Amino acid sequence: MAPQTRRGPSFPKIVIERDSDTEDSSEEEDFDDEVQKLAGEASDDEQAEEKDDASTSTKRKREPITISLKRVCKVCKQSGHEAGFRGATYIDCPMKPCFLCKLPGHTTMTCPHKVATEFGVSPAPLKNSHNSLKYLFDRQLRCHVPKMKPAFVIPNKVNCAVIRYHSRRVTCLEFHPTKNNILISGDKKGQLGVWDYEKVHERIVYGNIHSCILNNMKYNPLNDGTVYGASSDGTVSCTDLETGISSSLVNLNPTGWQGPSSWKMLYGLDLNSDKGILLAADNFGLLYMIDARSNNVTGKPILIHKKKSKVTGLHCHPLQPDLLLSCGNDHFARIWDIRRLEDGSSIYNLQHKRVVNSAYFSPQSGSKILTTSQDNRIRVWDSIFGDLDSPSREIVHSQDFNRHLTPFRAEWDPKDISESLVVVGRYISENYNGVALHPIDFIDITNGQLVAEVMDPNIMTITPVNKLHPRDDVLASGSSRSIFIWKPQENTELEREEVANRIIICGKAEKSRKGKLDDDSGDDDMFDSKKNSKTKKIHVKSKVHGGKRKC
């Protein structure tokens, strides 16, 4: 059945009236003379007719010019309709399937996955398979996962924030491994920020670490005062958080810029703590191994993904660090054994339909795999020892963006001993009391149920970077250039003035909001304008429910 185009308002027409001439124009006569000289082949009769026409046209009013402005869809490049956001509503292109679930027959506004994330998701099955791998799993790994699922504690209220902390959008966040109140952050410009969010005003940004995007960070296990960073400038750095002094461990572009075809950028980064090896991957599908003790590259780079494809993430198994999980732009997540690492030696390849933004082992036992793909799917494999040909569950979630954003990544809650709670930002906005907001979703991956969606009416930008604290009930989120700390809401509500004291505004506070949702647009003046709260009294609270969104 041929797709039908939605009817919309008629295209506007602009009518331009020409001024009437009462006298002969000398300029027009001169122009006519030049044309007659150039057109030497014209006959005398034709020239006479042209003169008569020119003289009569100047005496009467000229006819108006009508211009019709046609709308062109940004998705399919055809005229007659438009696609995109209108406030909090996403208008689908009629020539394409649903933007959310990628299936034809309905639009995003009527998509069943938009109402309930657990729609079409089967719960975790109870398999009674009898094999040696299952036996080893039950004896060595299952004992770390309790059978009873504890109650989820959701950080749902902004406790403190730094507005316009970075000069460009936030790209990565990490909590300090030993100091609970220290958060480090990286941005698109390559800057590294260190913030003590309990003292709020103690913050610093080191701007001389990298020359462009800081994609990933990992703490040094031998010295928690230093942090490794992988950047799109092709370097791996080791930075002292106290002094800001940085040393380059790897530089993949020693000769400088030689064109986009040869420029190497580093994205994935992780550390094998047992062997003291730092693993980094670039945009050509290559993996580099660095000795963290001597800070030297060991061996040759190994092709772990399709040639000239970006490796977007690396993650070592929490209990067996020799197992490596990688993901990339070639639509695959791959499992490796770094003890016998070579081209084509992957243990298993997990196929996806589009780019894989992230892939992680579960934090407690490492038996589960969680991936985030650009096709609006969060995929879960319940056991690395089971059938990996297809995921155990696919959860439809809005994370396919069409603008310059940090990719969405579903992150495990490291404190959840049941290994079932994940946090991820949402791309498509929702209408909350007339305000278009992008909530942060907490999802139970065992059944796909939306446990909670947290938002604040003052955070109007998209929040793609989210990190849960490994020990406290704290959520750190990066939205545009700002960083927010969420904590569970207490019984006694804090006064507005007390909350404002824990909000730091960097840069010019008088910068006006333009209403765009771009993450680099600077639309993050949270709590800096009191006239906002006076003119509009909007009360939006986070919703914790059993899987249904109450919009």
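Cβ atoms are placed via backbone N, Cα and C, with glycine included.
The region 'Disordered' annotation in TrEMBL covers 1-61 (among others).
What TrEMBL lists as compositional bias 'Acidic residues' is 20-33 (among others).
Annotation comment: TrEMBL describes 42-52 (among others) as compositional bias 'Acidic residues'.
Positions annotated as repeat 'WD' by TrEMBL: 163-198 (among others). Cβ atoms under 8 Å from those of the repeat 'WD' (163-198) belong to residues 204-207, 209-219, 221, 224, 227, 229, 231, 233, 239, 241, 244, 404-406, 465-467, 469-472, 474, 476-483, 485, 503-507, 519-520, 522, 524-528 of the same chain, restricted to positions at least 6 beyond its ends.
Marked as repeat 'WD' by TrEMBL: 349-382 (among others). If you average pLDDT over the repeat 'WD' (349-382) in this model, you get 95.
Annotation comment: TrEMBL describes 510-551 (among others) as region 'Disordered'.
If you look up TrEMBL, you'll see 510-519 marked as compositional bias 'Basic and acidic residues'.
Summarising the annotation, TrEMBL assigns compositional bias 'Basic residues' to 532-551.
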Composition by DSSP (helix, strand, coil) of residues within the repeat 'WD' (163-198): 0 helix, 18 strand, 18 coil
